[in-house]
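Chemist: Under the heading ATP binding site, Swiss-Prot lists A78, K79, N80, G81, T82, G83, K84, T85. Annotation comment: Swiss-Prot describes 8-25 as compositional bias 'Basic and acidic residues'. Here Swiss-Prot flags 442-484 as compositional bias 'Low complexity'. The domain 'Helicase ATP-binding' annotation in Swiss-Prot covers 65-235. Annotated domain 'Helicase C-terminal' per Swiss-Prot: 245-405, in sequence order. Taken from Swiss-Prot, the feature region 'Disordered' covers 1-27, 430-484. The annotation motif 'Q motif' is assigned in Swiss-Prot to 34-62. Sequence annotations record features per position, and here Swiss-Prot assigns motif 'DEAD box' to 183-186.
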Amino acid sequence: MSTQIEDQDWKSKLNIPKKDTRPQTEDVLSTKGNTFEDFYLKRELLMGIFEAGFEKPSPIQEESIPVALAGRDILARAKNGTGKTAAFVIPTLEKVKSKHNKIQALIMVPTRELALQTSQVVRTLGKHCGISCMVTTGGTNLRDDILRLNETVHILVGTPGRVLDLASRKVADLSECNLFIMDEADKMLSRDFKSIIEQILVFLPKNHQSLLFSATFPLSVKEFMVNHLHKPYEINLMDELTLKGITQYYAFVEEKQKLHCLNTLFSKLQINQAIIFCNSTNRVELLAKKITDLGYSCYYSHARMKQQERNRVFHEFRQGKVRTLVCSDLLTRGIDIQAVNVVINFDFPKTAETYLHRIGRSGRFGHLGLAINLINWNDRFNLYKIEQELGTEIQAIPATIDKSLYVANDNSAVPVPFPIEQSHVQPSMQQQHMPLPPQQPIPNQQFGGMPQQYSPQQQQYQQYPPQGMAMPPQGIQMQQQPQF
């Protein structure tokens, strides 16, 4: 009798975080009403799911988890920010046997930051399961990875080049890896990675199960499906490509006035955290310097930085130590930072696919977000083309933007991100003190009817973080570029 009572009360003993009370869209709410318990998952996994703050499965999780548990190959297409990572991590943790000390699942992702994030989702959801997860990416010490693989690893998360290197050296034994997963499958099967993926598959058992997840499925994915998947179960939840919770605006502005416009946006928008995208690494560094010159705290990240510095920037931005991150398309793939409510395309992207992934960094998991695009005369054809391809309307920016479109009523409801394993992160950046700029207008430039001046709200914003400003990582030499 006491055992039955204990079985009924196990949920009440969990350390469940504060409920996320922010409004959500039907991107994550239009489900069939199933719960995680309906999937008959093991108790230890359910404990990790609920302690991570998950309440009910999203549509992609509801569709894919039971099919994956049944052992079928899956080709799943769903919007960015709707819970795809948990959709494959949960069945992976359920299928992996903790007492079998072999690599049983391989999760492939295109970027190092996404590998770190995915591994932490595995560790967070599986913290009661006794399952070991290792992340391996290029740009890190190969010897360290070899030493770690001498210990028990059940789930390997990595980028293609490093995984192939370890498998070719016979350091990573994939002979009993019966579960192969590709997140951002469209990127994984692009020309950059396809040949490497084909080589990795040679090391896996022939009858392995494959799970492919992405927001877009080009022809390369269909070719892979024909050649390597066995009667895959296809899931398509893309009635439209863009997230319903993201409001999109554009503003025509001359190149030399973009910085003024950005400064106005900083002063007028209620930014929780923002990501600003540029089309080149040189422009990323230059814009980050200009933003800090204006008195705002700012980090930057791009592919030419050392991996430890990229990890540090990613970790501290996720932890909310700075509000603004300037980056290239390095962080367009799968990166989930719940506190980001504004995305600004300082440089307008060239393709609809890039645009879709960029704006998907806001409005995560059905919440509200704002995407603002600074458009010059040369971008007007791209703007029209992207609207047509995505079937969406990007509106002209109004004089004032309704805060209810992108700001949660209760900012404390934003969940704390999964922690990044400290072994992958360098010590915190040394903050530097800088006086606030004077409260005076910036030269006569107006944008969308909004005057260029430092408001009390902007001064409060400039004081974040309280102890000063965060410069771009130390040791990175700024590139010489023309002024904006």
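FYI, residue positions are counted from 1 along the chain as it appears here.
Every residue, even glycine, has its Cβ placed from backbone N, Cα and C.
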Chemist: Take the motif 'Q motif' (34-62) and count its residues per DSSP category (helix H/G/I, strand E/B, coil), listing them in that order.
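Modeler: So the motif 'Q motif' (34-62) is made up of 17 helix, 0 strand, 12 coil.
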Chemist: Any idea what DSSP makes of G83 (ATP binding site), helix, strand or coil?
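Modeler: Reduced to three states, the DSSP call for G83 (ATP binding site) is coil.
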Chemist: Please count the residues of the motif 'DEAD box' (183-186) that DSSP assigns to helix (H, G, I), strand (E, B) and coil.
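Modeler: DSSP composition of the motif 'DEAD box' (183-186): 2 helix, 1 strand, 1 coil.
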